[in-house]
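Trainee: Got a structure here, written out as structure tokens. Questions coming.
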Amino acid sequence: MTDIDYARYDRIRPIRWTGDALELLDQRKLPFQTEYVSASTSDAVADAIHALIVRGAPAIGIAAAWGVVLAARDVDADNGVDALIKLEPAMQHLNAARPTAVNLAWALARMREVLHRAGDDWREVLKREARNIETEDLAANHEMGAMGAALIAPGSGVLTHCNTGSLATAGFGTALGVIRAGVAEERIARVFAGETRPWNQGARLTVWELQQDGIDATLIADAAASHLMKSGAVQWVVVGADRICANGDTANKIGTYQLAIAARHHGVKFMVVAPSSTVDMATASGDQIEIEERDPAELLSHRGERTVAEGIAAWNPVFDVTPHELIDAIVTERGVVERPDSMSMQVMFGPRFA
Ligand code: MRU
């Protein structure tokens, strides 16, 4: 196990429950402004998820769970089942905020589940479950950090994509957690982060987050990834996930698929790190995943300033699917699935249920 000082990585928290509101670190403004916005209704939480004020698959699940707690304040019900019926519109609104990351639907399913069994203390039950979802995510990240780092040979270089750190989770991170653990154990000697156009999660969030921990990281243009791999500087690509299907196909930030193709070509290993809340055994393969498309304005402008000639069309899918054949290891808190396929996924996560 990693002998790692986790407290050192506990400085950034994207989500804070104050007791009567949810404070969300506005990730649109990082790295230059650290500002929390307060959401006091479930609609405000749904809007914040949609606007990427809070982002990253586990973090949006946690935020949605707290959104249900906020929605409960406007509901009069004698027991959990009654509350469940009355809370359903708010839950559906939260679920519709973003379509690709399954953690959102997963967290809402957990909230529904506890309501089924709750009596007149159903509001307290909801609060407890939201807190559980958050603390379990942090614990999962610590476990995945140790397991993922153990796969990496000492002295290796890694490339990561998007932001999978404390900002995207309850803390520590998934792929970034593996990188933190790997650096602490001196397995990882070099960290590269792709800028992750068009929203620049890598450039604005990941390298800033690592800088807070004193971990050196080198930013590259997304288009430099193959050139980097060819140079021999990286031995692993380590990424997170928004949805992992029953056959191991994995949706993650746009650009992940081309990194996996380039990695295979260059003999670089490819690791996906995600909690089991990201595993969707009800979806057979990546072909069935809804890929979110966002406003083309994200491509046509930079920080509000138009950079492309008027009249130009743009297409902006923000996730892609990496086929399982290109993945060397999926790391979850339940264990590592090497060379994932339907069989090895079933062994780890149980039978496909739809
Ligand atoms: O659009 P985003 O920023 O929410 O996309 C985030 C990603 O794709 C992450 O890689 C994924 O959610 C895993 S975060 C631990």
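Numbering starts at 1 and runs along the chain as it is shown here.
Here the Cβ of each residue, glycine as well, is placed from N, Cα and C on the backbone.
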Trainee: Same substrate site as Arg55, Gly56, Ala57, Gln201, Asn252, Lys253 according to TrEMBL: which of Arg16, Arg98, Arg180?
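Mentor: Record check against TrEMBL: substrate site with Arg55, Gly56, Ala57, Gln201, Asn252, Lys253, extra candidate from Arg16, Arg98, Arg180 is Arg98.
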Trainee: Taking the Cα atoms as reference points, how far is Ala57 (substrate binding site) from Asp242 (active site, proton donor) in Å?
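Mentor: It is 5 Å, counting Cα to Cα.
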Trainee: Could you say which of the recorded positions Ala57, Cys162 has its Cβ with the most other Cβ atoms inside 10 Å?
Mentor: Cys162
Trainee: Excluding Arg55, Gly56, Ala57, Arg98, Gln201, Asn252, Lys253, which residues of the same chain place their Cβ within 8 Å of the centroid of the Cβ atoms of the recorded substrate site?
Mentor: Ile60, Ala101, Cys162, Asn163, Thr164, Ala168, Gly240, Asp242, Phe319
Trainee: Let me know how many other Cβ atoms fall within 10 Å of the Cβ of Arg55 (substrate binding site).
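Mentor: A count of 24.
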Trainee: In whole Å, how far does the CA atom of Gln201 (substrate binding site) lie from that of Cys162 (site 'Transition state stabilizer')?
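Mentor: About 5 Å separate the Cα atoms of these two residues.
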